[in-house]
Amino acid sequence: MWVPAVANLLLLSLGLLEAIQAQSHLVTRRDLFSQETPLDMAPASFDDQYVGCAAAMTAALPHLNLTEFQVNKVYADGWALASSQWRERSAWGPEWGLSTTRLPPPPAGFRDEHGVALLAYTANSPLHKEFNAAVRQAGRSRAHYLQHFSFKTLHFLLTEALQLLGRDQRMPRCRQVFRGVHGLRFRPAGPGTTVRLGGFASASLKNVAAQQFGEDTFFGIWTCLGVPIQGYSFFPGEEEVLIPPFETFQVINASRPAQGPARIYLKALGKRSSYNCEYIKEMQCKSRPCHLDNSASAQERLSTAWSLLLLLAFLAVGPFPGSPGLF
C-alpha cells in the first residue's frame, strides 16, 4: 500500500533535484576557497550521551570547569561573556532580549549553567567554531578525549540541556529545519545512506535565517532530537534549533553543483553513540565498581510508527518546500 506513496516521494525528490541543477550560480570567493569534506557517520566525533552518569558528571563540574578555564582561553572568555548575559536576562524576568514572547518556565533540573552553556554556544564569538572542531575529532580515541579535549564541561552541559528541554516532548517531536554552513562544502553520500552531522548543529525553523549562517552547504533536515532553544540563544530572532551530534539521518536527496552551494536533504532515523560516561569511567571506575548504563552506545532507530509519520509528512508538504530564499 506504500508503493504509490514512495513513488510519489521519489518523483518529487527528482523534480526538486532537476530544479536545483537547472539554476546557474555566480562564481564567488565562497566557491573558490571553501573546503570539501565527506558527509558520513562522523566516526571521529565525540558523541557521549552520559546515560546513567549525569549526577556524577554534575558533581565533577566545578573542578573540571576550573581546570578547562586555565588551559582554554577561548572557552573561558566565551563562558564569561555568556555568564554576564545570563545574569542580565535573569534580571529582566520572563521577557528576554528583543522577544516579546513570555517564556515558559525551564524544565525540572534545568540549572543556570545549562542556560549559560547555550548562550556561550550561540554567541558571536570564536568559541562555537573551536568547540565544534574539537568535538568532531575528540572521538578518534578514548585517550584523545581524556587528554586533549578541553571542552568536556561544555559538551556535557549542552547534551544535558537538550535532553531536559526535549523531555516534555514525550515522544520525539519531529520538525523541519534549515541549516546553512559557511566554509565547508560537504560531499553528499548517495540517497539512503545513514549519516550524522558530527557536532552540535545549529539550524533554524526559518530557511532565510539559516542562510545567514552560510551558503557553502545548505541543509534541509527533518530532526526528531533537535530542540528549539530560541529563549536561550544569544539571537532569539533566528528561531534556532540545536541538533545533538549523536542523531542519525537518512540522505533523501542531494546535489553538489560545480558552482554554488551543495544542497542536502536529510530525514531523522534515530541515534547512535560510540561513547558513554567516559570521563566518569576514568575518574571513578578504576578504584571501585561502577554501574553505568551502556545502552547509549548501541544504535537506536525511530519506531516504525514514527518512520511512517515522517514519510507522510514528506508526502504532505514535500521534502523542502520551495520558498523565497531556499532555492
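From the backbone N, Cα and C atoms, a Cβ is placed for every residue, glycine too.
Matching Tyr50, Tyr75, Tyr121 to the NAD(+) binding residues that Swiss-Prot gives (Arg179, Ser233) identifies Tyr121. Candidates considered were Cys277, Cys285, Cys290. The record in Swiss-Prot pairs Cys53 in a disulfide bond with Cys277. Here the candidates are Cys224, Cys285, and Swiss-Prot names Cys224 as the disulfide partner of Cys174. Secondary structure from DSSP puts Arg179 (active site) in a beta strand. Using CA atoms as reference points, the recorded positions Cys174, Arg179, Ser202, Glu240 were checked against Cys277 (disulfide bond), and the closest is Ser202. Residue pair Cys224 (disulfide bond) / Arg179 (active site) shows a Cα separation of 15 Å. Ser202 (active site) is 16 Å away from Cys174 (disulfide bond) when you measure Cα to Cα. With respect to their backbone Cα atoms, Ser202 (active site) and Glu240 (active site) stand 7 Å from each other. Here the Cα atom of Glu240 (active site) is found 28 Å from that of Cys53 (disulfide bond). Within 10 Å of its Cβ, the residue among the disulfide-bonded residues Cys174, Cys224 with the fewest other Cβ atoms is Cys174.
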